[in-house]
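Following: one structure in structure tokens, then a few remarks.
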């Protein structure tokens, strides 16, 4: 894998939009990242880069479908959706080619984002509203009721990201030159991106560092070698063939070794749940079957895949972090008040209090319960992202090529927790360290989604807990897959009792539901999962089981429940496909026996576990920040001038300015229009003439002349009058002094002009009255 640095320098104002607006403020908004700054989504970059590479390949192949066109498909992947719709010619019956090029979104440099994080006034100046109208073709004038405002990001921004070429090191030297030449030529052909790029917006320069492009080789090689059949990622997964000692080996005994995984999402993560129209909905957690291929790839040992098949290696679901530990899906027996979510009731331990309108928790996760303390409750944050597919013929999204679609995703910045468990001695010492690094997970992970930074920490297995006396209460921490006597998928608690009883060495029987006569003995739901076999390119069988969060009560018919057996079952799971995170249970948890009686839950967010890093120096990006900083000063100057012109004109122009004739005030307006600085000789000459000329001296009161002399000749007077929050507007070193000097003439001109305009309107209003 070869990592490249990608940078886009925006040469004009630009707009990469969300497709939505804010009513009454702006009609089209730009997309923003989690820092609140505009960014270029990877899908946008990949689209324009691929289009440019296709142009280069068309020229190099001399207008035919040749070797360079095959290299485009190698790097960017095939497009089966367009082939199915007849937009592109069919490429055969084989499975679609995966993209060898993985691109991240382009964002403001970290130093810039960190510097702007504490300066909201400067951060808002990164964008500005741009007015526009629609022209009536019949009259050639602006059409009625079609004024619009589009949010634009300012020119001068340098957005950075990275790209990875999978399998690049495995290519021979000639093929590496092909990849470098095609990507380099495509980068040079990228001239603009985003909306309205054919009308001047979005002009840019794309630079790729890390590729040595040999242009002489390209000119001298008329027939380059073709690409390999598939990107040579050589990444083993759960479905990769590995040596196996038996068709269905039994699980071994022994204790467990545990690696605690902490996943910090650098980008949103889409874990497909279902498709509704043109919207892709995501789960609020990462199932173990999504994590397992990545775990096996990093362990890179055949015995790890064998262990997963026999249940000796388990990867749990990654759920939102709650108090530094994996969140547990809220029990279905736990309800809260409809109006006050902090009031709780456990249906398995207490009756619903009077006045509490019970409602189930929706997608909540809870932490460890401690009697006498509020129960921590968290929700996994999710975000919505709109995308579109451009039809090359009309250069707009059309239904024929996919149109507009939406991804729901786990939000960037979310911290997830999971565990990888392996039988003691199964893997080589230090295996948790091999799991750390950058992972790509979920859907569309070749561009905008699925990048996570993973740290792995060894942990010791938990000790056995005493089992509460009475019925055995079981809480499903993940979906459980069990079968009936005919091996059909089942959601019957009796079949779960049989599987759990075999694992514990006892005989269990579900307690009957008392209905409305007593406490609940069961709160469960079924869940149906549709999954896809990525390597085969085919749908997998539907998975039907009891959903996570289900709570069930069982009676021990024969035998004694051993705490050590409970510990083993909680670590290994119960039912089918335990290696993929299914069948995780919690037996006799104190939460299932707790009576809250309307006590509050702890809904406060988890405090950050890491201190904020120091701000990095701006360095080469100081000029980019200065552009935004100057725009923020200008915005505040205009705002302050409007406020002073409305209510405090006398403080600006001096007391008695109302007595000055309009012609003399017009001369003042002309003077400030051409003012260049506090040492402008024309201002001094004009002010001296006010005193020396008898007619003008009587027209201008002394207080007005004195105030204007201070305003037009002293460098600090205008800033004292405006009283800007300069500390909140300054980011760069020496920015305050430099911007005061640079914007002095503009500030004086704006202030005086606004005051004169407001005065003229007030005079006209009095005349009409």
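Including glycine, each Cβ sits where the backbone N, Cα and C put it.
All TrEMBL annotations are machine predictions without curation.
Of the given residue ranges 217-251, 252-286, 287-321, TrEMBL assigns the label region 'Disordered' to 217-251. Checking TrEMBL for region 'Disordered' across the ranges 528-550, 551-573, 574-596, 597-619 points to 597-619. Looking only at the domain 'CRISPR type III-associated protein' (9-205), the predicted model's pLDDT averages out at 89.
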